[in-house]
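Worksheet: one structure, shown below.
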Amino acid sequence: MSEFQLVTRFEPAGDQPEAIRQLVEGIDAGLAHQTLLGVTGSGKTFSIANVISQVKRPTLVLAPNKTLAAQLYGEFKAFFPNNAVEYFVSYYDYYQPEAYVPSSDTFIEKDASINDHIEQMRLSATKALLERKDAIIVTTVSCIYGLGSPETYLRMVMHIDRGDKLDQRALLRRLADLQYTRNDMDFARATFRVRGDVIDIYPAESDLEAIRVELFDDEVESLSAFDPLTGEVIRKLPRFTFYPKSHYVTPRETLIEAMEGIKVELQERLEYLRTQNKLVEAQRLEQRTRFDLEMMLELGYCNGIENYSRYLSGRPSGAPPPTLFDYLPADALLVIDESHVSVPQVGAMYKGDRSRKETLVEYGFRLPSALDNRPMRFDEWEAISPQTIFVSATPGNYEAEHAGRVVEQVVRPTGLVDPQIEIRPALTQVDDLLSEIHKRTALEERVLVTTLTKRMSEDLTDYLSDHGVRVRYLHSDIDTVERVEIIRDLRLGTFDVLVGINLLREGLDMPEVSLVAILDADKEGFLRSDRSLIQTIGRAARNLNGRAILYADRITGSMERAIGETERRRDKQLAFNHEHGITPKGVFKDVADIMEGATVPGSRSKKRKGMAKAAEENARYENELRSPSEINKRIRQLEEKMYQLARDLEFEAAAQMRDEIGKLRERLLAV
């Protein structure tokens with residue numbers, strides 16, 4: 001299937017039809033770069049969905065962080081339910097790269113926790129690009145990091161057709177080559193089980209289906225997809241393609257060839273270190289590298305095999321690493337969301353990675369070829385990028401220099417105008433803010449507050465909380481999943497005010513927010529630049545009563561430019577509304593729609609329903625508790641369960657238990 005089927009009950013309106021027409025025209029004309037300058041709430045994602053639907057090209061959508069990537073994934077999934085919308089972000093829940101600190105002679109081993117579900121989604125994303133023309137991949141800057149080369153990856157693929165002549169032992173050996181493991185007890189992703197002539201295989205990239213291969217003697221009699229949970233056969237298949245468990249899986253002959261190259265480099269490096277009288281470094285390098293070589297010979301891989309990626313992919317020294325961009329077809333389209341943030345990120349990745357690895361090489365922890373296991377440099381990324389659309393309300397300098405065409409989308413179909421901006425003195429900002437919060441919460445509206453420092457955010461949160469405000473604080477120490485949950489809770493009304501520093505800006509879709517308060521707006525710098533101010537003010541642009549208050553004792557150049565641009569957009573929207581007789585309407589979005597896919601994109605709906613049912617039963621049980629002794633008993637039971645869940649690494653369920661215990665303790669105080 002190469003047709004993109006856009007499913008929506010809306011028609012393009014306002015500036016959207018013209019923006020879509022110009023972008024499609026630019027793509028067809030072969031423009032390398034275009035910019036969609038779209039204000040908050042103007043439906044930029046909807047316009048891009050229409051462009052993708054019309055040009056019918058595989059598309060990579062690059063977001064600046066996982067939170068926005070999750071939001072975009074959910075939106076594109078809703079727009080294209082019949083197409084391959086995939087999610088490709090870093091699969092690390094926790095990542096500590098290996099590093100050496102010479103000043104204290106401290107070596108830090110690589111330590112990482114891989115999210116199994118996101119690993120599955122990454123494999124699913126590359127499979128979609130290799131097999132389908134109707135793929136939309138939502139990604140972050142992790143797409144410029146090294147990945148196994150597509151040529152090597154495709155050589156490992158295994159095709160099975162119904163009617164094929166296939167020896168069972170040969171099939172099991174091929175599965176082992178793909179790094180699948182046999183497990184007849186616990187049937188999980190990238191495993192297989194054997195029962196007589198029936199082999200069940202759980203594909204590495206699949207979340208919901210496993211494949212059953214039934215043999216009759218040495219012939220494939222039947223191929224079918226089945227539900228691994230219930231065993232129910234979903235459909236019969238004429239053919240199926242199995243992909244490796246990892247992007248780094250390598251054919252045996254390539255591995256042997258790579259090992260020879262590694263041995264040659266090792267000898268050269270050892271000679272160099274010894275001539276420099278670096279005997280400790282030489283001994284360390286030889287020991288570590290020979291251990292890796294032995295692991296590769298015996299198992300086909302080793303820990304940190306990505307450090308030998310130059311040899312595994314057969315690329316010369318200094319060549320760019322294979323990345324997700326190498327999996328894109330020639331006619332692909334690149335959409336960079338919030339490009340004023342995303343583009344600088346691409347350039348920043350290489351330098352930080354390089355300095356750490358140079359230290360490892362210098363002190364004998366890695367061969368010099370490890371330097372080629374790196375993210376792409378900015379110039380390499382520019383060279384490999386397909387036709388690009390930059391999407392931003394505040395395009396940066398790079399977009400201005402490279403925009404073949406700038407398409408404005410300033411008018412909102414809903415008629416909503418940009419928030420009114422008010423400047424108030426900074427001297428009384430906290431007390432004034434408190435009175436404004438009370439006005440908004442009385443109307444069941446939400447408030448965002450941005451400060452300059454972490455300390456000020458914490459102090460302000462404590463102050464507001466002491467004055468009876470339901471407030472939370474969003475900061476960089478909170479992980480991606482919890483950040484999404486906090487934003488969701490704000491929208492649901494669990495609390496009314498969210499305080500932050502630099503996290504309440506690009507792309508966050510919160511129609512319930514009617515007031516944005518910017519403290520110390522006159523302190524020039526990155527957090528109070530004109531782009532930052534426009535983005536922050538824009539968080540209130542989806543609400544009919546949207547307003548922004550800038551607390552400042554003087555008007556800076558950045559404030560002047562931000563206010564001027566916001567007023568220009570207001571005037572254009574008001575003129576459009578007057579001309580077409582439009583009465584502004586607020587935006588109403590189901591919370592689940594926006595956050596679909598954010599926590600664990602594509603996770604089983606059955607699991608969600610099961611958790612919801614358990615929560616309902618818990619709530620019913622808690623309501624039946626009356627006396628303090630009953631509540632105390634229940635708390636002890638839940639604590640035991642919570643600790644057991646934590647020991648089993650079921651942290652999400654343990655957190656739910658912790659919340660239940662907190663509620664019960666509050667009830668205990670009230671009894």
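Sequential numbering from 1, following the chain as shown.
Cβ from N, Cα, C; glycine included.
Per Swiss-Prot, the features are:
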BINDING   G38, V39, T40, G41, S42, G43, K44, T45  ATP binding site
COMPBIAS  614-624  compositional bias 'Basic and acidic residues'
DOMAIN    429-595  domain 'Helicase C-terminal'
DOMAIN    632-667  domain 'UVR'
REGION    600-624  region 'Disordered'
Note: among binding-site residues T40, S42, T45, least Cβ-dense neighbourhood at 10 Å is T45
Which residues, same chain and not among G38, V39, T40, G41, S42, G43, K44, T45, have a CB within 8 angstroms of the centroid of the CB atoms at the recorded ATP site? S47, A393, Q409, R412
Helix, strand or coil by DSSP: which one applies to S42 (ATP binding site)? coil
One finds that other Cβ atoms within 10 Å of the Cβ of G43 (ATP binding site) number exactly 23
